[in-house]
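J.: Sharing a structure with you now.
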Amino acid sequence: MGWIRGRRSRHSWEMSEFHNYNLDLKKSDFSTRWQKQRCPVVKSKCRENASPFFFCCFIAVAMGIRFIIMVTIWSAVFLNSLFNQEVQIPLTESYCGPCPKNWICYKNNCYQFFNESKNWYESQASCMSQNASLLKVYSKEDQDLLKLVKSYHWMGLVHIPTNGSWQWEDGSILSPNLLTIIEMQKGDCALYASSFKGYIENCSTPNTYICMQRTV
């Protein structure tokens, strides 16, 4: 009988230990499952909180880069049109006689702007072949369209070293206060630019040129 009671007591103790062990396993399993379930929730919330912030930063950076690119492009276009584009010249001022085809007729003068680059002597020969001469500036009033010219062009003005004067192809002397002569290079020929300015240039330097033909 004592042996039986001892066996029962040991069995009860083993069952109690087994029950406690199961409880510990269940608690441990529940804790593990709870942590596994909680972690994705926490991570998901972190991602939900972080994603809008990084998305907003990305959009802001992209818009900033686009703005810089657009400003650069428009600045380049503006500067190019400012320095290189010729202003449209009015063609309806006063009576004008017949001019060669495609020439500009303005206040009894015919003008042609040639975009090909030649030295001064070649430009002079080109104008003479068309029964014209290089540009001669003789009146700010009658030639006010020349204020609109933007780039540099050969005109028929040359420097005479013997007396230091400037004269036109026809031998007439440059009238005082008609042109402002600016020394850009060492030379004996002159380029016309905007606002009745003449720029000294070496005669052998290639430049565009203006031919002129009087109609009266």
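Cβ coordinates come from backbone N, Cα and C, glycine included.
The feature topological domain 'Cytoplasmic' is assigned by Swiss-Prot to 1-51, with sequence analysis given as support. Per Swiss-Prot, transmembrane segment is recorded for 52-72. The annotation topological domain 'Extracellular' is assigned in Swiss-Prot to 73-216. The disulfide bond annotation in Swiss-Prot covers Cys96-Cys105, Cys99-Cys110, Cys127-Cys211, Cys189-Cys203, and the record cites sequence analysis as its basis. Residues or ranges marked as domain 'C-type lectin' in Swiss-Prot (evidence: sequence analysis): 98-213. Per Swiss-Prot, the feature N-linked glycosylation site maps to Asn115, Asn131, Asn163, Asn202.
Context for these features, please: burial, neighbours, distances.
T.: Per DSSP, the topological domain 'Extracellular' (73-216) is made up of 26 helix, 50 strand, 68 coil.
Cys99 (disulfide bond) is surrounded by 17 other CB atoms, counting those within 10 A of its CB over all protein chains shown.
In the shown protein chains, 9 other C-beta atoms lie within 10 A of the C-beta of Asn115 (N-linked glycosylation site).
Around Cys127 (disulfide bond), a 10 Å sphere centred on its CB holds 23 further CB atoms from the protein chains shown.
Asn131 (N-linked glycosylation site) counts 10 other C-beta atoms within 10 Å of its own C-beta, drawing on all protein chains shown.
Listed in sequence order, the same-chain residues six or more apart from Asn163 (N-linked glycosylation site) with CB atoms under 8 A from its CB number zero; the list is none.
Every protein chain considered, the tally of other Cβ atoms within 10 Å of the Cβ of Cys203 (disulfide bond) stands at 16.
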J.: Could you check which of the recorded positions Cys99, Asn115, Cys127, Cys189, Cys211 is the closest Cα neighbour of Asn202 (N-linked glycosylation site)?
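T.: Checking each of Cys99, Asn115, Cys127, Cys189, Cys211 against Asn202 (N-linked glycosylation site), the shortest Cα distance is to Cys189.
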J.: To the nearest whole angstrom, state the Cα distance for the pair Cys211 (disulfide bond) and Cys203 (disulfide bond).
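T.: Computed Cα spacing between Cys211 (disulfide bond) and Cys203 (disulfide bond) is 16 Å.
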